[in-house]
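Q: Below is one structure. I have some questions about it.
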Amino acid sequence: MHSALSSLSFSQATTVPRSNYAFDSHSPAFALSQPVNLRFCGLRREAFGFSSLTQSCSGRVRVSSRGHSKKISASAVGNGTPPKSFDYDLIIIGAGVGGHGAALHAVEKGLKTAIIEGDVVGGTCVNRGCVPSKALLAVSGRMRELQSEHHMKAFGLQVSAAGYDRQGVADHANNLASKIRSNLTNSMKALGVDILTGVGTIVGPQKVKYGKVGFPDNIVTAKDIIIATGSVPFVPKGIEVDGKTVITSDHALKLEFVPDWIAIVGSGYIGLEFSDVYTALGSEVTFIEALDQLMPGFDPEIGKLAQRVLINPRQIDYHTGVFATKITPARDGKPVIIELTDAKTKEPKDTLEVDAALIATGRAPFTNGLGLENINVVTQRGFVPVDERMRVIDANGKLVTHLYCIGDANGKMMLAHAASAQGISVVEQVTGRDHMLNHLSIPAACFTHPEISMVGMTEPQAREKAEKEGFEVSVAKTSFKANTKALAENEGEGLAKLIYRPDNGEILGVHIFGLHAADLIHEASNAIALGTRIQDIKFAVHAHPTLSEVLDELFKSAKVKAPSSSSPVSEPVAV
């Protein structure tokens, strides 16, 4: 299927050969810091060069927490003391931000830790994903404001024609990625994580070899091993990528040129975000989607509203229900040629000639060459099979002891912050605390203008579950048009939607389309993670006037039959 997959689903992909390549753990970092952390795409403040760490005279790392220092058993110099029978307590294969997050949490827990990386630290998120794409989207957002005469006039502002320097925009994205990559590397070095350079391969239980092509391999052992090798763009058969006129997201983020007309194959998260960038910079866009509707991974109601705002008014047209069965790059003075086939009948349907084509059809697990055959593990469509605690399962359905897999490589939820959360969960387990991550509490976001965010189930998913399990589902909605802060920003276009159980107040899903939706979703995701019910969260107080009141009104509008579990009245506190 050629549609861009929602990050909440498996990639329609096969295995991708591994070589001396950056390991793409595709997950945000988790580092030692103070209780309130500055984050970017899930990266904690250490990624920006800020540190709450101090070092004692003995060389041991300390972390400040609520006014006092707590010793960490791992030394910044010696990186802890491993068991005598192993080189390390923990080895992580893959130095994307998911592996990085697991490594930092492991050090916090006192584990002697090593991380193996094949090229550069940061993986997909930092180098070819979350970070540079947000830099480009920041530019597109400002361009849209400056280009909208109606928007500027509403503020009483007059702006001359807005323009941009393509290389300057590209440099902004590249410089940000370089800065974050450098800071991630430095944060691990400062905490004493051993960074082992080379391709990591499992050669047996608790044993890994690593090395670069043309150099001798090194063997290291660890009590526990985490696979965090991430994913790469998936390119369907029949599509010839030349990196110039037929490109993946890896190439697009370099912004080497802005085509007059670009076709985007797939209308999921990746495709939507790039359509936002390209149209803001002056390109015409044509979506090619295998399913019968655009944005198939989103809640249908939110998808329809998003199409009305993000697609219809812009220089975008689309073909749905078709496969791009063959794409030929531009050459010899000829344009890019795209052959479309009807998704149902498989009959030829149309041919497009465009300046460029972006392949945004999902991602493939980066797991070939890991040596899984040495421990009797067989991948499923390239994904490493794991249980609910990220423990690897072998070909006989048995757990492989001391081996875990996190992030895109296991396919449970192909999101940066999901990989980080999985890595932290694994570290909790190997240090003696049973922990199981609730994936329904993990939010997702699409950083278009306006943004889209979601957590939990869509309405169709919730109703299907309710029918099977015999409970009732209700829906509450609130508009950004009723929010003072949104109106002050002249951004009243938006909707928040709550899907819940009226009998007990359980939050089943929340979907937001509007200004800063990606920031607003976390109140809902944290409520799901903590098991907070609507009848309790509706007593929370939100500052006025803020966008957070959109969620406040949403929860207050829900009709729950169950009473609050606690009294909303609290004893006054002297200040």
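Note that Cβ sites are derived from N, Cα and C of the backbone, with glycine treated the same way.
I grabbed these lines from TrEMBL:
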- 88-423: domain 'FAD/NAD(P)-binding' (DOMAIN)
- C125-C130: disulfide bond (DISULFID)
- K134, G200, T229, G230, S231, D408, M414, L415, A416, H417: FAD binding site (BINDING)
- G266, S267, G268, Y269, I270, G271, L272, E273, E289, G362: NAD(+) binding site (BINDING)
- 442-553: domain 'Pyridine nucleotide-disulphide oxidoreductase dimerisation' (DOMAIN)
- H544: active site, proton acceptor (ACT_SITE)
Q: Using S231 (FAD binding site) as the reference point, find which of the recorded positions C125, G266, I270 has the shortest Cα-to-Cα distance to it.
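A: Result: the closest of the recorded positions to S231 (FAD binding site) is C125.
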Q: If you count CB neighbours within 10 Å, which one among the recorded positions K134, H544 has the smallest count?
A: H544
Q: Sort the binding-site residues G266, I270, L272, E289, A416 by C-alpha distance from C130 (disulfide bond) and give me just the closest.
A: A416
Q: Taking G266, G268 as the binding-site residues to compare, which has the smallest set of other Cβ atoms within 10 Å?
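A: Counting other Cβ atoms within 10 Å of each of the binding-site residues G266, G268 gives the minimum at G268.
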Q: Averaged over the whole of the domain 'Pyridine nucleotide-disulphide oxidoreductase dimerisation' (442-553), what is the pLDDT?
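A: Looking only at the domain 'Pyridine nucleotide-disulphide oxidoreductase dimerisation' (442-553), pLDDT averages out to 97.
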Q: Could you state the whole-number distance in Å separating the C-alpha atoms of H544 (active site, proton acceptor) and M414 (FAD binding site)?
A: 35
Q: Among the recorded positions listed here (C125, K134, T229, M414, A416), which has the Cα closest to the Cα of E289 (NAD(+) binding site)?
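A: Minimum Cα distance from E289 (NAD(+) binding site) across C125, K134, T229, M414, A416 lands on M414.
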Q: State the Cα to Cα distance, in Å, between L272 (NAD(+) binding site) and M414 (FAD binding site), rounded to an integer.
A: 17
Q: Write out how many residues of the domain 'Pyridine nucleotide-disulphide oxidoreductase dimerisation' (442-553) are helix, how many strand and how many coil, based on DSSP.
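A: With helix first, then strand, then coil, the domain 'Pyridine nucleotide-disulphide oxidoreductase dimerisation' (442-553) has 41 helix, 29 strand, 42 coil.
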Q: Could you say which of the recorded positions C125, C130, L272, M414, A416 has its Cβ with the most other Cβ atoms inside 10 Å?
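A: Top count of Cβ atoms within 10 Å goes to C125.
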Q: Give me the Cα-Cα distance between M414 (FAD binding site) and I270 (NAD(+) binding site), rounded to a whole Å.
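A: Rounded to the nearest whole number, the Cα-Cα distance is 12 Å.
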Q: Taking the Cα atoms as reference points, how far is I270 (NAD(+) binding site) from K134 (FAD binding site) in Å?
A: 12
Q: Between A416 (FAD binding site) and C125 (disulfide bond), how far is it from one CA atom to the other, in Å?
A: 7
Q: Roughly how many angstrom lie between the C-alpha atoms of T229 (FAD binding site) and C125 (disulfide bond)?
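A: The Cα atom of T229 (FAD binding site) is 12 Å away from the Cα atom of C125 (disulfide bond).
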